[in-house]
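Noted in TrEMBL for the protein shown:
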type	residues	note
DOMAIN	200-267	domain 'Ubiquitin-activating enzyme E1 FCCH'
DOMAIN	269-338	domain 'Ubiquitin-activating enzyme E1 four-helix bundle'
DOMAIN	416-894	domain 'THIF-type NAD/FAD binding fold'
ACT_SITE	Cys600	active site, glycyl thioester intermediate
DOMAIN	606-859	domain 'Ubiquitin-activating enzyme SCCH'
Amino acid sequence: LSTIKIGCKNELFGHNLRLGNSLVFWALCGRYVLGHEAMRRMGTANVLIAGMRGLGVEIAKNVILSGVKSVTVQDEGPAEWMDFSSQFFLLASHLGQNRALSSLSQLSGLNPHVHVSAHTGPLKETLLQQFQVVVLTDSTLDDQQRFGTFCHSNGIKFIVADTKGLCGQLFCDFGEEFEVLDTDGETPASAMIDHITKADPGVVTCIEQRHGFVNGSTVSLSEVCGMTKLNSYGPVDIKVLGPDSFSICDTSSFSEYKKGGVATEVKKSKMLQFKPLDEALVDPELLVMTDYGKMTKHQTLHLAFQALHGFVKRVGRLPKPRSQSDAELLVAMVTELNKVSHLDQLDEGVVQSLSFTACGDLAPVNAFIGGLAAQEEAMFYLSGKLSIGMCWWIFIPCLSALSTALLSLLQRGSRYDGQTAVFGSGFQERLGEQKYFLVGAGAIGCELLKNFALIGLGAGEGGHITVTDMDSIERSNLNRQFLFRSQDIGVREKQKSEVAAQAVRVMNPNMNITAHQNRLDPDSEQVYGHAFFMGLDGVAAALDNVEARVYLDGRCVQHQRPMLEGGTLGSKGHTLVVVPHLTESYGPAKTGSQNASPLCTLKNFPHRIEHTLQVRRLHEGPLGERSRSNDAYAIVPCRDAAGFLERTLGRGEAEALEVLECVWGGVGGQRPQGWEDCVGWARRQWETLYNNDIAQLLHCFPSDQLTSSGLPFWSGAKRCPHPLTFDPSNTTHMDYVVAAANLYGQIYGIVGTRDSSAIRSILETVHIPAFTPKSTVKIHLTDKEMEEERESGHLDTGRLDELQKKLSSPPVNSAALQMHPIDFEKDDDNNFHIDYIVAASNLRAENYDIPTADRHKSKLIAGRIIPAIATTTAAVAGLMCVELYKLVQGHRKISSYRSGYINLAVQYCVLSEPLGRPSMHKGTQVKEQRKVCSKKRELSGPHLQFASDVMPGFWVIRFYGTMATL
C-alpha cells in the first residue's frame, strides 16, 4: 500500500482499489525501480530546494517527478540573461521577475500529485524546520556551514550541490545514524532448487547454472517438499560452493528432500554515520573519484572549491573569464589551504581552468550534478535505497576543451551568456550551425532535447535538429519524460517527437527542429539515406533496444559520422562517444544477450514465473493472429477468394494450415453470436489449457517416467505438473474467464461485462466436453525437434484440403466477417490485457507449483518495461552533452573523450577513456578486405570511394559494427 495525497485527504490504495489511472500509474512507475516500501516513504517527505538557477530547477524537476509529498523552491533573486543557459523553465517575459515564482507553474505541472510552492524570502532556521530534506544550490560556504550544522543537530537531511563552469560538487549529510534498507539497489536474487543434502552443513544444488548469490548472502527457503522445516526456518547465511551450489544450516536431522523449492535473497539493512560539513571539508577519505586518470585533479578541486568561496568573499564576485590575475589569486588561496590539507601535489592548471570558467553556467553539467543530487535526496534518503550517500567533489573532465582560440568578446544580454563565459562566442556560433539527428524522444531523448535547446545546438543560421520517434505518449512515460503532460496521452496528432519538439521551441524560440515519426531501419533508408547522413554533423542515439543501436551505429560508421549513445536501466546508466577514425564503435549485438526462452520450455516445461508470463507467445493465436488472418480473408471480394487461398498456400503448407485454421475459427462454427458464446469459449479455453493439456502431457510422460539413463524424467528444470479443476469460487479462475471472455468479445465487436455473478450464471449452462488423452500425440522436448518435424512435411494434408474447400466460397456479406485485432497495451488498466496475462500466468504457475507473481511484477515482466527514473536519464544526458562539446570543437586526441558508467544506487560513477579503433597487421589487410567485401557486397563502390576521399590513402570499411583501416 502507498499513501498518496489526494486533495486534503490521504487515501490508501492497493491492486483491487481503482482511484483513476493517472494517480495509480504515476505511483507504480517509481515502484518498478524502488519498490513499494520506498515509494511509501517518499510519499511522506517534504523537501526544500534553495536556489532556482539551472542546477536548482534540475534537482526540483527530478524530485517532483519521483513523487514526494511536497517541494518548496526558494530563491530571492530575479531572472537574468545569465540564467537562460541552463534554467529551462524561464521565458524572456520572466526577466527581472523572481526565479522561484517564475518557475512555479511549470514545476507544478510535472506531477499533479506533488504539492509545489515557492518561497521568495531569505533562508532561516525556522523555515528549515518544516522539512525533512534541505538542498542548497548556489550558496555561500558560510551558509552551507551554518545550515549544515543546524540540520545535523535537528535530524534534517542536508545536501549541498554546486556547479561552476565545467566542475561540480555534491555533499550529503543524513545524520549520525541512518538506516539503509537496501545496500545495492538490486532486485533480490532467487534460484530454483534441484536438490538439498542431509548433512552438516546441508548443500543446496540449484537448477540454474548460476544462482547469483555471493558469500555472506542471506537467503530464505520456500516451496520445499520433503525437507519442509526449511520453509519456516527463517533467513540463513550461506557459503557459496560453486556457481550452482551453496551450503546452508545443519539439515542432518531434517526429513529427506523430495523436490522443489526456491532460495530467495534476503536484503540486510545497514546503519550509516554521516559527518557534518565542517568535518567533511577536512576529511580526504570522503572524496570519491569519478575519473581515475585524474586523481590529483580531484584532490585539487576539493580545495579549489573552498578557495573559490573565499575569493568571492574577498573580491565580491567570481573570477572573470580568462582573467590571469584572478587565476593567480585563486592559485595562491588554494596553496594556502594546502598548508593544512598537506596534499602531496597540487594541479595548478586545474585551479587556473576553474578560475577561467567559474562564472559560467552549463546545462550539461547541471543535468549531471542535478541528477546525482536528486538521486541522493529522493532515492537514497526518502526511499532508503543506498546511493552515493557520502561526500562528492565531482570533476567533469572537459577542461581540455578550453581553447583560447575560441574565445572572443562575450555577448551580454544573450540566453547563452552562461555558456559563452566558458567557451566564448565563436564556439557558440559553431554550436548554432550544427546539424544533428536525434533518434528517440523518450526519457533520454527528452533530456537531450532540453540540453540541445539550452546550449543552442542547431539554433543558429544553417543549423538544424531532426528528431524521430514513432511512439505515441503513454501514461507510464510521465514520471521521467518531462516534456510530456497528461493531456498529451492518447492524442493521435501528438506523437512523442512532435510534442517534444514543440516543448523545446518554447524553451528556446530560435530552435530549428523538425519532428519525424519514422522507425529507423532499412525500410526508412529512402528518408535517411546517403544524402541525409552526409548533411549531418553528428548523431545522438536515445534508443531502447540493442538492435536499433547496432543499426544506427552501422549507418554512422558507413557515413563516417560521430555518434553519441546512452542508455539507462533503473539507477544504472552508460554513455559512449564514437568518433570516426579515433574510437571503437558501438559494434554488433552480443549473441545470446537477449535470447528468448525455448518455445518447448514455455509450452511444456516452465520452471520460472518468467516462463509462464510469456502468455503472448503461447496464446496470441486465439486473441490476435486469428483476427488478423480473418480480416485479410474478409476484405477480399468473393470473386478473389481463390487468390487469397493461393497466396496463403504460397507461404508453405505448414504456415498455410495455421493461417486457414485461424480464418475458419473466425468465420465457421466457432464464431460467437453473443456474450454467452464468449463466456463459453473462455471456459472451454480454461479447461483445455489448465486441465486437458496437462493431462495429455502426463499421459505422454507420467510422473514416474524414467529417461534412457534410468534417471527421473521429471527432475532438474523439468517440474512435474498437475491438472487444475475449475472452481468458480476461485478468484484467479474467474479472473481468467472474465478477462478472456471480454477480450474474445472485443475481437468480434461483442460488448462484455465485469459482473462476476452474471458470468457465473452463464457458466452453469456451459457444456465441457469430456477429454481422453491420446497415445498418438507427440510432445517435443526441444525446439529442434519441433522445427525438424515442421520441416519434414508431416502435417494433416487432409485437414488442409478440407479447409480450402470450406473457405473457397465465402459469404456474400464479407463485412459480417470483420474482426478487430487486439494490440497489447500495458498502460490501460481497463482493457483486460494485463488482467488476462496475470490470470493466465498464475494458473500455469499453479499447474507447475511455481510461485505466482502479483500484478505489479507481472506487468513489469510481460510489458517488458525497462525501469527508468528521471535522475539517471538526466545524468546520462548531461554526460552525453559534455562529450558533444568536444565533438563540436573537433578534438582529435582520444584522451580528451570519456565513456561514462554510473550506478546511482551505489558509490559507482566512473569516467574512462574510450577504446581506440581496432587496427590490423599489414599482412592480413588484403585477406581481410576480400573476406569482408565478399560477405558485405554493399561496401563496394561508392562507400569505399567516399571513405578514401575523407581519409586519403586509407580504405575505411565496416567490420560488423567496428571500423578498421586497410
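Note that Cβ sites are derived from N, Cα and C of the backbone, with glycine treated the same way.
Within 10 Å of the C-beta atom of the residue listed as 'active site, glycyl thioester intermediate' sit 16 other C-beta atoms, taking all shown protein chains into account. Averaged over the domain 'Ubiquitin-activating enzyme E1 FCCH' (200-267), the predicted model reaches a pLDDT of 91.
According to DSSP, the domain 'Ubiquitin-activating enzyme E1 FCCH' (200-267) comprises 5 helix, 24 strand, 39 coil. Residue counts for the domain 'Ubiquitin-activating enzyme E1 four-helix bundle' (269-338) under DSSP, split into helix (H, G, I), strand (E, B) and coil, are 43 helix, 4 strand, 23 coil.
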